[in-house]
DNA sequence: GCGACAG
DNA sequence: ATCTTGTCGC
């Protein structure tokens, strides 16, 4: 099963410092959590927070940093969350942090956020910088109740977020053209909840959706900026490696 | 009722 | 997510 509460111990990574005024200074503000125990409570919480989602907004100009978040699992509900902050132009890492702990909820499609959010927030709190945009490994609006992990995290922090998932969860779509950059609408209940976006020629698409404070075009533009070489964004790839390492290091 | 079902 | 053998390709 699972337990609510703290996600365990967090550790900051070697933040890259710059001489003079530090453009990466600051801390992400992480809220206190009252975690649900049952699926019904969790859905009620999603319905309560859903109205707070903002689905408009363009990428900050200039866009300095982008964060990638991911979680790796070990046996017995153990997990490790990681956040990696990349320079938006060079995609070089400038900060990182991890947090090990226990899954905060059982895995239930549609309630995924309740499982990973506590650990992700702990990792974010250990960061020494405040990323301009947060990229989640999962969906935002492309969710049964339009409130996936990316929306949830965005609302809790009131920061710009987007979701980039490897497989669809909610919505129908036509296969986009085979070239990188092509996309097709993810439709659910007659509305566009996201976009199947081809990030590499001839490779299956990823599923991009709005999290908070950005519109779908901005989300897709960012997804393409983060995929100069592989199907998955560099943010996700870096975070994936980091959380696996953190899990292994934790024993 | 039956399938589908982020990670 | 994680468990896993082999296989195709750069």
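Just so you know, glycine gets a Cβ as well, placed from its N, Cα and C.
In TrEMBL this protein carries:
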type     : residues    : note
COMPBIAS : A:1-15      : compositional bias 'Low complexity'
REGION   : A:1-20      : region 'Disordered'
BINDING  : A:70, A:137 : Mg(2+) binding site
SITE     : A:107       : site 'Interaction with target DNA'
If one measures from the C-alpha of residue A:70 (Mg(2+) binding site) to the C-alpha of residue A:107 (site 'Interaction with target DNA'), what distance in angstrom results, rounded to a whole number? 15
Would you pick out, from the binding-site residues A:70, A:137, the residue whose Cβ has the largest number of other Cβ atoms within 10 Å? A:70
